[in-house]
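These notes are about the structure you will find just below.
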Amino acid sequence: MKNILDFTLEELKEWMKENGENAFRAKQIFDWIYKKEVFNFEEMKNISKALIGKLSENFYIGIPEVIDYLSSSEDGTRKILLGLGDGNIIECVIMKYKYGNSICVSTQIGCRMGCKFCASTLEGMVRNLTAGEILSEVLIGQKLLGERISNIVLMGSGEPLDNYDNVMKFLEIVNADYGLNIGQRHITLSTCGLVPKIREMADKEMQVTLAISLHAVSDEKRKTIMPIANKYSISEILDACNYYIEKTGRRITFEYSLVSGVNDTKEDAKSLGRLLKGMLCHVNLIPVNEIKENEFKKSTKKDIETFLNTLKTYGVEATVRREMGSDINAACGQLRRSYIKSKGLKL
């Protein structure tokens, strides 16, 4: 049996025709799933019993089990722990803003990028999520919240461009009129810098915001915290980013996790300012999430403020990310790890 959430409208239309059904039935079924949040074929009232029988024999609607659902008492952030059909566990985070609801989704179970400050990569890669599994995070998030999700950030567990085909299919369905109809300009994809895939994505001329996890201003320093730096230099990443800007007209976001004594000095800020000066970009400064498995500590408020103000002297737009959901382990990978460990399960 196949997860119907892995299908585009054209693919489901083709299946309908191959199985003696009218192609327009595909749109009706997706209306039930994406517009009416009905996740059971039997409840689709304008679908014949015969077709429901065929659907039930060939497909399932892959909505995961909700294992845990936490709400922050500080800012209303929600953390959802989900169980997949194969026993694996993923997580997503819903953040409430004045402009609407945003969800941070995972794209892989674990991650093989090995970034030193990230909890989701500690035990390596388990497997990629399918397009439908990524979609299910948004669907279950909306269902639990009881409100529309208007923004998506691909910043949860996993490297999205390491799961390129499934992520591109997810973006197609989530953006489509028949899907969740979320505009590409309301979607941000974060990558540690897989240069060929950045260029491939640029050639699609999508309007998705590209966010680069930079975190250091020299290749030498970046190699100590991000193994991907051994493969792609900062210069190569910036060239790919400029190509993305040229093809899409979209501003790039650079994410920079501030780690005390590692990359947070005034000289680091000056180097970053010189590196990005004149580029169509924005820098998102992130106080690092402290985890037990490493000794990284957050920069002081004073050092963060100095870093921010120094960047601005170079004409580089920058802000400090507001920490959300800290009381519920909202950073990517943290809740999954703590849950699995508490149950004595294997990561």
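Note that Cβ sites are derived from N, Cα and C of the backbone, with glycine treated the same way.
Record features, source Swiss-Prot:
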ACT_SITE  Glu91  active site, proton acceptor
ACT_SITE  Cys332  active site, S-methylcysteine intermediate
BINDING   Cys111, Cys115, Cys118  [4Fe-4S] cluster binding site
BINDING   Gly158, Glu159, Ser190, Ser213, Leu214, His215, Asn289  S-adenosyl-L-methionine binding site
DISULFID  Cys104-Cys332  disulfide bond
Around the Cβ of Leu214 (S-adenosyl-L-methionine binding site), other Cβ atoms found within 10 Å total 26
Between the C-alpha atoms of Leu214 (S-adenosyl-L-methionine binding site) and Cys111 ([4Fe-4S] cluster binding site), the distance in angstrom, to the nearest integer, is 17
Rounded to a whole number, how many Å is the Cα of Glu159 (S-adenosyl-L-methionine binding site) away from the Cα of Cys111 ([4Fe-4S] cluster binding site)?
6
Under 8 Å by Cβ from Ser213 (S-adenosyl-L-methionine binding site), same chain, sequence gap 6 or more:
Cys115, Ser190, Thr191, Cys192, Gly193, Met226, Glu255, Ser257
At a 10 A cut-off on CB-CB distances, which of the binding-site residues Ser190, Asn289 has the highest count?
Ser190
Distance in Å spanning the most remote Cα pair of Gly158, Glu159, Ser190, Ser213, Leu214, His215, Asn289, given for S-adenosyl-L-methionine:
18
To see if you understand the setup: which same-chain residues, six or more apart in sequence, place their Cβ under 8 Å from that of His215 (S-adenosyl-L-methionine binding site)?
Cys115, Phe117, Arg222, Ile225, Met226, Glu255, Tyr256, Ser257, Asn263
Going by Cα-Cα distance, pick out whichever of the recorded positions Glu91, Cys104, Cys111, Cys118 is nearest to Gly158 (S-adenosyl-L-methionine binding site).
Cys111
Relative to the Cα of Cys118 ([4Fe-4S] cluster binding site), which of the recorded positions Glu91, Cys104, Asn289 have a Cα no more than 10 Å away?
Asn289
Drop a 10 Å sphere on every Cβ of the recorded positions Cys104, Cys111, Cys115, Cys118 and tell me which sphere holds the fewest other Cβ atoms.
Cys115
